[in-house]
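Participant: Pasting a structure here, questions to come.
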Amino acid sequence: MATKDPTAVERANLLNMAKLSIKGLIESALSFGRTLDSDYPPLQQFFVVMEHCLKHGLKVRKSFLSYNKTIWGPLELVEKLYPEAEEIGASVRDLPGLKTPLGRARAWLRLALMQKKMADYLRCLIIQRDLLSEFYEYHALMMEEEGAVIVGLLVGLNVIDANLCVKGEDLDSQVGVIDFSMYLKNEEDIGNKERNVQIAAILDQKNYVEELNRQLNSTVSSLHSRVDSLEKSNTKLIEELAIAKNNIIKLQEENHQLRNENKLILMKTQQHIEVTKVDVETELQTYKHSRQGLDEMYNEARRQLRDESQLRQDVENELAVQVSMKHEIELAMKLLEKDIHEKQDTLIGLRQQLEEVKAINIEMYQKLQGSEDGLKEKNEIIARLEEKTNKITAAMRQLEQRLQQAEKAQMEAEDEDEKYLQECLSKSDSLQKQISQKEKQLVQLETDLKIEKEWRQTLQEDLQKEKDALSHLRNETQQIISLKKEFLNLQDENQQLKKIYHEQEQALQELGNKLSESKLKIEDIKEANKALQGLVWLKDKEATHCKLCEKEFSLSKRKHHCRNCGEIFCNACSDNELPLPSSPKPVRVCDSCHALLIQRCSSNLP
């Protein structure tokens, strides 16, 4: 039997010890779940093992006083190969209390672990074998393949967070002895450990599933709240539309009443104009001798007639405008009714929340009361107008009666004149009697003239009253114009309500699309959750090949667990880190899980 090379046996032993220490440190640190400090036993053993690995095959350097065999020389060489390592070298040299090169090397290892760059630093050192040959023998661990394997194992330590106090420790005088009792365990401990690992994996899966359920519940609750708010706003818009419709109906009724009143006023004014025309004509025929004073009254009456005709034309134009506005309102109401009929199917489910809009109804009821008060004021104005028109008609009737009396007096005077002429021709003897009678008639005529003067004064007073009535009518036309402006403002408000209604309808459609998209996302997440519930943490013994690239595991190609799916992959197929719901810190995941998680995060973003 050929004897093995003792240096190769030493390298294999150190490699196995490095594997055990690194694996135990990672597993214990992950189960510990907190930042590691200097008193953590697995971490202390790891530094001891690394010190032995770096010391293997180290050349002895001679000095004037003694032999020097330390690992600080090759570690100090890292600064020249890796520029980022200059900071750690300078901080090690500046540390107080470090007197020996071994103490500096130990401090360097601790700082490199805290920076999570120990594997990068040592990888740069292993590549430069021509420089390492100055410090190590050809059979040293750092010069052979085992050194590359150990550097590959050190990459797994990047998941560990350590907070080591280097200033207060006595790194110069520590004795580096490997404690094998931490790695020699009986079968019961191994079984308990496997059970603990399985329980931890199950708990991780459970925590992940619970976190997914919480996220789904939060998204569903937020969507429900948004749907409720939109339903409330839609019900408010429906109520406002109904109120606007009622207001439009009331305004139409008021418009109809005003039109009827305007028609009555026009009829009365026409009758009044006709009566005044007849009166003026009779006055002109009966009182030709006193035409000068009556001509002035006639001109004034004609002016009044012109003014009244102009007022009638203005009123007719306003009525035509109101009729056209009424047609526009009817068209708008038809369009609104069509829209309301089309949206009734979508608004049936929203009518159950009408109780929440009572406050709005009360406010609108107050507005209705205010509009009713305005209507009452308008009705009072109309009643006043009717009273004024009644007064005018009564005055016109009195004028007609006076004119009839004057006509009768004129006819009697003409009859008497004819009789007088006949009597003069036939009876010359009775002239004195007739003269006396004529004197009596003259007295009567003088009294009649006095009566006519008084009647003229009364006519002038009546004309002044009619002028006042015309001024009142003008004021009333101005009020009608203001009412027209108010009607236009109400029409603008109705159009604004229509715009708001259409905008709310579009918002509801967009929210419906978003709800459908969110439902699809929830179904996808549920399917992913169902798929994740079936995942199991695969044991190291059961995997011999990488699941993705299907390459066989070896000393240089070691196994790595994916913290998401639990399968085992090589370093190339699992060189990704992402935070999972089960662990807030970034952990290793495979390429497929990395792509799935990135896609899920991007889909959740707005």
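Note: Cβ is positioned from N, Cα and C throughout, glycine not excepted.
As the structure is a computational prediction, the values presented were derived from the model and not from experiment.
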Participant: Among 304-362, 481-539, 540-598, find the range that Swiss-Prot records as zinc finger.
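Facilitator: When 304-362, 481-539, 540-598 are checked in Swiss-Prot, zinc finger belongs to 540-598.
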Participant: List every residue in the same chain as Cys593 (Zn(2+) 2 binding site), at least 6 positions away in sequence, whose Cβ is under 8 Å from its Cβ.
Facilitator: Cys562, Asn564, Cys565, Asn576
Participant: Please list residues from the chain of Cys570 (Zn(2+) 1 binding site) whose Cβ is under 8 angstroms from its Cβ, counting only those at least six apart in sequence.
Facilitator: Cys546, Leu548, Cys549, Lys551, Phe553, Lys557, Arg558, Lys559, His560
Participant: A 10 Å Cβ contact count, applied to the binding-site residues Cys549, Cys565, Cys573, Cys590: which residue has the minimum?
Facilitator: Cys549
Participant: Note down the number of other Cβ atoms within 10 Å of the Cβ of Cys546 (Zn(2+) 1 binding site), including every protein chain shown.
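Facilitator: Cys546 (Zn(2+) 1 binding site) is surrounded by 22 other Cβ atoms within 10 Å.
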Participant: Distance check, please: Cα of Cys573 (Zn(2+) 1 binding site) against Cα of Cys590 (Zn(2+) 2 binding site), rounded to an integer number of angstrom.
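Facilitator: Between the alpha carbons of Cys573 (Zn(2+) 1 binding site) and Cys590 (Zn(2+) 2 binding site) there are 6 Å.
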Participant: Other than Cys562, Cys565, Cys590, Cys593, which residues of the same chain sit close to Zn(2+) 2? List them in sequence order, counting a residue when its Cβ is within 8 Å of the Cβ centroid of the site.
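Facilitator: Leaving out the recorded residues gives Arg563, Asn564, Gly566, Glu567, Phe569, Ser574, Val589, Asp591, Ser592, His594.
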